[in-house]
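**Student:** The structure's right below; bear with me while I get my questions together.
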Amino acid sequence: MARRGQQPPQQQQQAQPAQKNQAGKFNPAEFVKPGLTEEEVLEIKEAFDLFDTDGTQSIDPKELKAAMTSLGFEAKNQTIYQMISDLDTDGSGQIDFAEFLKLMTARISERDSKADIQKVFNLFDSERAGFITLKDLRKVAKELGETMDDSELQEMIDRADSDGDTQVTFEDFYNIMTKKTFA
């Protein structure tokens with residue numbers, strides 16, 4: 001029982017997940033893998049603990065949506081249920097820490113990948129207009145030593161251009177760069 005002015009022990013644990021980790025009950029080294037440090041594992045564990053609001057050591061769909069939103073990711077209900085379905089290896093309908101870590105490292109990797117694609121886009125968009133034109137593509141082709149005529153370059157733009165304005169926006173470029181197959 002808690003003394004007057006103190007939280008009950010269970011509430012103290014929930015309010016201080018980092019101390020719980022440092023006390024030896026959680027070993028981040030067990031989850032470290034290439035590209036992921038112990039510090040990053042601890043940060044993700046802290047997020048997990050914060051969003052495991054009922055203290056069950058698992059995150060349900062409602063808790064996952066709040067976690068993803070707070071970490072800056074779009075979290076539509078359909079996406080949340082699909083993530084749980086994809087990651088819930090034990091069929092519980094919830095995500096434990098190992099499953100959460102897998103999800104978050106995939107999302108972090110995706111976010112980093114988008115930043116890398118933005119850098120490549122900026123190389124094409126030399127005037128920083130926010131889109132790639134035939135002129136931009138012609139310049140890059142010339143710099144790379146490619147001998148392509150305007151009709152070939154225009155065909156490339158037409159394939160990437162989703163709204164028919166003869167310009168390739170970053171979203172168009174990103175969609176092409178992340179496509180698994182090309183039609």
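Just so it is clear, glycine is given a Cβ too, placed from its N, Cα and C backbone atoms.
Relevant sequence annotations retrieved from Swiss-Prot are reproduced here:
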type: REGION; residues: 1-30; note: region 'Disordered'
type: BINDING; residues: ASP52, ASP54, THR56, SER58, GLU63; note: Ca(2+) 1 binding site
type: DOMAIN; residues: 75-110; note: domain 'EF-hand 2'
type: DOMAIN; residues: 112-147; note: domain 'EF-hand 3'
**Student:** Other than ASP52, ASP54, THR56, SER58, GLU63 themselves, what residues in this chain have Cβ atoms within 8 Å of the centroid of the Ca(2+) 1 site's Cβ atoms?
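**Tutor:** Here the non-site neighbours turn out to be PHE51, THR53, GLY55, GLN57, ILE59, ASP60, GLN94.
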**Student:** Let's see if you can do this one: DSSP helix, strand and coil counts over the domain 'EF-hand 3' (112-147), in that order.
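**Tutor:** Reading the DSSP string over the domain 'EF-hand 3' (112-147) gives 23 helix, 2 strand, 11 coil.
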**Student:** If you count the other Cβ atoms within 10 Å of each Cβ, which of the binding-site residues THR56, SER58 comes out on top?
**Tutor:** SER58
**Student:** With H, G and I counted as helix, E and B as strand and the rest as coil, say where DSSP puts GLU63 (Ca(2+) 1 binding site).
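**Tutor:** In the DSSP reduction, GLU63 (Ca(2+) 1 binding site) maps to helix.
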**Student:** List, in sequence order, the same-chain residues at least six positions removed whose CB sits under 8 Å from that of ASP54 (Ca(2+) 1 binding site)?
**Tutor:** ASP60, GLU63
**Student:** Mean pLDDT for the domain 'EF-hand 2' (75-110), rounded to an integer?
**Tutor:** 83
**Student:** How many of the residues that make up the domain 'EF-hand 2' (75-110) does DSSP mark as helix, as strand and as coil?
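**Tutor:** With helix first, then strand, then coil, the domain 'EF-hand 2' (75-110) has 25 helix, 1 strand, 10 coil.
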**Student:** Which residues does ASP52 (Ca(2+) 1 binding site) neighbour through Cβ under 8 Å, counting only same-chain ones at least six apart?
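**Tutor:** Those within reach of ASP52 (Ca(2+) 1 binding site), by Cβ under 8 Å and sequence separation of 6 or more, are SER58, ILE59, GLU63.
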**Student:** Please give me the CB contact count at 10 A for GLU63 (Ca(2+) 1 binding site), counting all chains in the structure.
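**Tutor:** Around GLU63 (Ca(2+) 1 binding site), other Cβ atoms within 10 Å: 21.
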